[in-house]
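Scroll down for the structure; my scribbles are underneath it.
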């Protein structure tokens, strides 16, 4: 039901990527596959790191937190998409919509902050190896994880509180989840403050971490270039290049959606970009950061081997 002549809505209608049944089915299959692969990959990464004492170091501590954040980030939107498709529904209540927006912004911002912390960690490990363990103490590692969580939730809280003060001219959201820009565009209230804070708080949660990552990887690239072995140099560049590709995909699509002039926005393009930074990067992260790492691959093999051995023992008759 359209709510064009009303200002209060009790629920929203998520229009999704397309109204065509075939395209909806394709999006469901893609979402389910990427969500399953991403969750399995990130969960295995966490279990491998937790179960292997040799991986209890700052780098893997950050990596396990990134995997947890990726699971949480995708779980704010994709399960609802899958349930709506299976049940033939497209509605979401007003309170559930605000909750989804809150957690989406919070987990997304925390992900962004954590990526910059990981880049800083790699900078210290490569460019300041003699002082690395002194600088990256347990307390500093904890702060580099806790501060992103707190900052991201504060940013999300501000957006959510301001959103509750708006009235809406329509309840039809041209997206597959409750995106902050989509909700602002549906409002018939004065949204100037909301739009300014999307840019200001978004700048602190996206642009500043992105600049910090680039600033960290620049001296890393210089240090790698000085490696005497051509093979070692190529391996290091390959790893750093993979990291930067995923980072560029994540930040590039977010910047394209939230920091471009409104006049250049098209719904389909924005939704395609959203799929990239919500689903694709979460699937790529465990492969880029984990499966290219020999220590972590060894821990994964050990984890799977131990699980297989335990299953075999349980199946033996007593």
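Backbone N, Cα and C atoms are what each Cβ position is placed from, and that goes for glycine too.
Taken together, the residues in the domain 'G-protein coupled receptors family 1 profile' (41-289) have a mean pLDDT of 88 on the 0 to 100 scale. Summarising the annotation, TrEMBL assigns domain 'G-protein coupled receptors family 1 profile' to 41-289.
Among the features that TrEMBL reports, transmembrane segment is placed at 26-50 (among others).
If you look up TrEMBL, you'll see 102-120 (among others) marked as transmembrane segment.
Residues 58, 61-62, 65, 98, 101-103, 105-110, 112-114, 117, 120-121, 180, 193-194, 197-198, 201, 204-205 of the same chain sit 6 or more residues outside the transmembrane segment (141-162) yet have a Cβ under 8 Å from a Cβ within it. Taken from TrEMBL, the feature transmembrane segment applies to 141-162 (among others).
Look at TrEMBL and you will find 196-224 (among others) tagged as transmembrane segment.
Nonlocal intrachain contacts for the transmembrane segment (236-259), taken as residues 6+ away from its ends with a CB within less than 8 angstroms of a stretch CB, comprise 108, 111-112, 115, 119, 181, 198-199, 202-203, 206-207, 210, 213, 217, 220-221, 224, 227, 265, 270, 273-274, 276-277, 280-281, 284-285, 288-289, 292. Here TrEMBL flags 236-259 (among others) as transmembrane segment.
Look at TrEMBL and you will find 271-291 (among others) tagged as transmembrane segment. Beyond its flanks by at least six residues, the transmembrane segment (271-291) meets 17, 30-31, 34-35, 37-38, 41-42, 44-45, 48, 63, 66-67, 70-71, 73-74, 77-78, 108, 175-176, 179, 242-243, 245-246, 249-250, 253-254, 256-257, 297, 300 of its own chain at Cβ-Cβ distances under 8 Å.
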